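Enquirer: Copied straight from TrEMBL:
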TRANSMEM  39-62  transmembrane segment
DOMAIN    55-304  domain 'G-protein coupled receptors family 1 profile'
TRANSMEM  74-93  transmembrane segment
TRANSMEM  113-134  transmembrane segment
TRANSMEM  154-172  transmembrane segment
TRANSMEM  211-235  transmembrane segment
TRANSMEM  256-275  transmembrane segment
TRANSMEM  287-306  transmembrane segment
Amino acid sequence: MQTHQPLTESSSHRGEMENITLVTEFILMGLSDLPAVRFSLFAAFLLIYLVTLLGNSTILLAIGADSHLHNPMYFFLTNLSLLDICCPTATVPKMLENLLSERNTISFLGCVLQLYFLVALAGTEVFLLAAMAYDRYVAICNPLRYTVIMSKKLCLQMAAGTWVTGFLNSLLHTVMTFTLPYCKSNRVNQYYCDIPPVLALSCASTYAAEMVVLIVGGIFGVGAFLVTLVSYIHIISTILRIRSSEGKRKAFSTCASHLMVVCLFYGTTIFTYIRPSSSHHPDQDRLVSMLYGVITPMLNPLIYSLRNKEVKGALKRVIVNK
């Protein structure tokens, strides 16, 4: 739906712009328009969302209830579980509503808020995974000084830094995106509001906004990725120098879960955003983005709980005490 309200432009362009209308709401392109399939998708995504909430809430409960897990590694895992609750919450409830109502619309303000929180939470997760990689680097490569280096103060500063940086970064991109005029089609080629499909609808030049995404996002994203990569190069190098196979196994087990989460996160992100434009297809893009925004947050707690003896032990103790 679009209102017929003329854009305010300079007098030289006013005549040309009289018939252009402003967008007041967006239409989100759903995953399917077939009623039977829509209901099946609703049931599937509702189940995935509930499993995500349950899994991550269980991780938070286990860590909070067990004093043995009150250390830097599980402090960062607590932050990751919070992100994995919040990130799908930014998109899935609206998607479920649209699957039931068959309207597929979102207000302009709703789109702004959805994009802001989604980009903020995704950015925060990038920085948090880098902080977690550094924590594992210190634990394996400098174990004797681990408690000194990874002090409670440093952990709090690192966690706060990831959240603040993620949300400030998102504020910049959101302002750059929504200060542009939107007067073309209001059909967003995605099931949620994201920067590329929303920018594609602007009736003004998107060059500046795209450059901000490329430069600022590139600096932060590449920087966080390099911290993660260099940390794991040192970790793997240190593990390979351990002589006993038992020592290697124990050292690797302390970072295996995080390494799997990192590979899953960056694998789905790269496949979603850093593919050649020639390989993009609207329906395929929507399905691929589900890996990044819906499936990954569900798998993270399963990875940590199934591969981590300490978490499994804490969960058992919580269940037994109840």
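Just so it is clear, glycine is given a Cβ too, placed from its N, Cα and C backbone atoms.
Model, not experiment: these values are computed from the prediction.
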Enquirer: Which listed range (39-62, 74-93, 211-235) shows the maximal number of Cβ pairs under 8 Å with respect to the transmembrane segment (113-134)?
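Expert: That would be 74-93.
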Enquirer: Averaged across the domain 'G-protein coupled receptors family 1 profile' (55-304), what pLDDT does the model get? Just tell me the whole number, please.
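Expert: Mean pLDDT across the domain 'G-protein coupled receptors family 1 profile' (55-304) comes out at 87.
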